[in-house]
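Per TrEMBL, these features apply:
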TRANSMEM  79-103  transmembrane segment
TRANSMEM  135-160  transmembrane segment
TRANSMEM  181-198  transmembrane segment
TRANSMEM  242-264  transmembrane segment
TRANSMEM  276-295  transmembrane segment
TRANSMEM  335-353  transmembrane segment
TRANSMEM  373-397  transmembrane segment
TRANSMEM  468-487  transmembrane segment
TRANSMEM  524-549  transmembrane segment
DOMAIN    812-872  domain 'CBS'
Amino acid sequence: KMACLGNCYCCQCCCCRDGESRTPEEMTILGEIRDEDDEILPRKDYEDYQSLDYDRCINEPHVEVIEKMERNNAQKQEAVRWLMMFAIGVTVGLVGLLVDFFVRLFTQIKFSVVGASVEACGEGGCLSVSLLELLAFNLTFIFIASMVVLVQPVAAGSGIPEIKSYLNGVRIPGVVRLRTFLCKVVGVVFSVAGGLFVGKEGPMIHSGAVVGAGLPQFQSITFKSIRFDFPYFRSDRDKRDFVSAGAAAGVAAAFGAPIGGTLFSLEEGSSFWNQALTWKVLFSSMSAAFTLNFFRSGIRFNKWGSFQLPGLLNFGEFKCPDGDKSCHLWTAVDLAFFIMMGVVGGLLGALFNCMNKALAKYRMRHLHPKAKFIRVLESLLVTMVTTVVIFAASMLLGECHELPPSTASTFRAPASVLLVRSSEDTNSSVRQFFCFNRTYNDMATLLFNPQEAAIHQLFHQDGTFSPLTLALFFLIYFLLACWTYGLSVPSGLFVPSLLCGAAFGRLVANILRVRLGLDIYSGTFALIGAAAFLGGVVRMTISLTVILIESTNEITYGLPIMITLMVAKWTGDFFNRGIYDVHIQLRGVPLLEWETDVQMDKLTASDIMEPHLTYVYPHTRVQSLVSILRTTVYHAFPVVTENRQNERDFMKGNILVSNNVHYKKSSVMSRAAEQRRRCQSMKSYPSSELRNVCDEQTSAVEPTEEGVDLLQQMLDRRHAPYPNLYPDQSPSEEWTMEERFRPLSFHGLILRSQLVTLLTRGVCYAENESSATQPRLTYAQMTEDYPRYPDIHQLDLTLLNPRMIVDVTPYMNPGPYTVSPNSRISQVFNLFRTMGLRHLPVVNAEGEIVGIITRHNLTHEFLLAKLRQHHIRV
């Protein structure tokens, strides 16, 4: 980032929008005082979230690589890129297979032991023993899941907010590290097997993104022995593309939806997209889906190559009973009910997000500042409550219903526990707790089963679930899922939301079919209810529509699902944001939306830019560079020289005029005195390259000799050294306003990582030598330490002479994107976001830099605060 904005805070919005209330971010910018009740959440400030360098730095080492690159090398690199996409997809598929295998193994062991205990204690009245066994299993599993999160806290949750932020251009510390991946995979296995209302689909997306980020690097920070000489893809831009592919592959493995995964990465994740990336991401998603399908089908059915299990979560086949000619999945009349279900789903989703946001605030204020073990205790508390509620509801609240014919034919004995068979026959997962004479317990069937089996029950069960059971099940799942999301365990939200919504849809179908006598297909209403609630929670449209269509393998559901999701999103957006955006906002991540509001065009670039610049000269002493790097936190510095031809009318009364931007000041030092002081400083510097630019008399330009090619002179001038002005002095915080805003000719941008690399490798020259004697670094040497460049505070620079000079011009970006001070916000925002920029200099018509714009200057809260600061009616 370029400038420190102080303590900037996220917007504290309630369930309903308050157009007149000011957010803490706005009050901070405007300098207003907050009450103690509005104390900000104890979380990271904006300065803790750095931007990623998605824009390429086209400096001389990079140009040399391009000039030396032949066609064969370019084709080889493209082939390696495709190979990496395939490897990412296969790896993510194998990770999904591993997670699914252990989750099923631990779940089956738990339900087998506890189910047998319930069957044995059914007549003896020793259900407390069964409850203790279930508590022992769940608490042990969740304790392991919580402990691995203590090793890497960023592994908690679904990981989708973190990956969305990363693809938006924000660097989240540790989000794509190998240690995060290991903790995520191990944690999600035990958190799902531990009986919490969580899913493994969200963590699969995060795991896929980590695989995409790490696999093409062929090195690891966690395991330092893993380090291969692989010169490709050593930039944030290349890593972003692979992370996009990994996230899409995670969706494809979770739902068996490769097209939906590609759209998810485009809609919910990546902010910067190109046509070539679309095909590569789809290829990676297909590789993940078919790898998982191939191995699962072979292991489960011993039919290798049959491809019968496309994803970790599959909704099964929706079809009418054989021989029923009057049956239909849905009709045009049903669309009216679907729209109403979408409205209700949006309202329920908004309520869910509001409650979860309030709970997340409480955790951030009261739990996170305490010892980390408190988070483990909270996870164990939620697990204990969830286990007791599941067990008690299954035994006490269920109703007995007749078994469907297909199940009754396979029924063997009273009080038996029918577990899910490998064929995933829906009717084989019913539970008969305390129900006799070929009847089953509907509540136990939903609660005392894996969540995927419960979803199949609601979608395809031919039997009946009573309205009271469905209502109680929905209430239990709604409250416990809301309490669970945000715990310090890896946890996804897709499956709990689908299951909660499916119960809501099945309840609507029960009322319409049983109470009102309408001829409808209950499975369709359960699916639409699941889509409505999930859409109301996450507020996704295109990608979620395709994911649900691919999961059902029924294209005729496209229209009702799309309409339901649109209505649910519009309804929920009226009250608050999606659950992922809520958590991103609470963490203070400076996320950039797709576009700005029209009203923001009342502002210009000069209104939002950061005018306090810390810059370097083309030739700067080592001591100055070290001082700048150690006393600032900025990650890019303009390379400038003083524009002494534009000093006239610099001061007009009490107004400082610089590049059409006016700055008020109470007192300024004399420009003449400042000039004399700087001239003396420059004259005292014995550099052979300096010219006495302080002389009042300028030498006349010698006429050009006849016959000299003027064009050739202009081309040769490109390699001429920049004037070395004031190398003994660096910008200081103690400078006056006039010193800060004097005319500065802009030549380029250089990154902090590049300056640190130059100092680390001793790239400098003596003051009595020419800059041509300075060592030259190649592109490979400049990027060798990526992505963890050394910290300036940890470097031993005693071997460097502080009087040595560093020529930064070969390594700076001489042609970065720039904007005019009069550019409107929509133009600035579109350029910044579509180009994936990190710093956007503001340069006037004279070629002078007047400020710089970073990601923080373009956030919605900052722009809204600037509007109010300028007394513009919102």
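For all residues, glycine too, the Cβ spot is worked out from N, Cα and C.
For the transmembrane segment (79-103), the list of distant contacts is 185, 188-189, 192-193, 200, 204, 207-208, 211-212, 215-216, 232-233, 242, 245-246, 249-250, 252-254, 280-281, 283-292, 295-296, 299, 312: same-chain residues at least six beyond its ends, Cβ to Cβ under 8 Å. Note on the domain 'CBS' (812-872): DSSP counts are 24 helix, 15 strand, 22 coil. Most Cβ pairs within less than 8 Å of the transmembrane segment (242-264), among stretches 135-160, 181-198, 276-295, 335-353, 373-397, belong to 276-295. For the domain 'CBS' (812-872), the predicted model reports an average pLDDT of 86.
At the 8 Å Cβ cutoff, the transmembrane segment (135-160) and the transmembrane segment (524-549) share fewer than 3 close pairs (sequence separation 6 or more) and do not count as touching.
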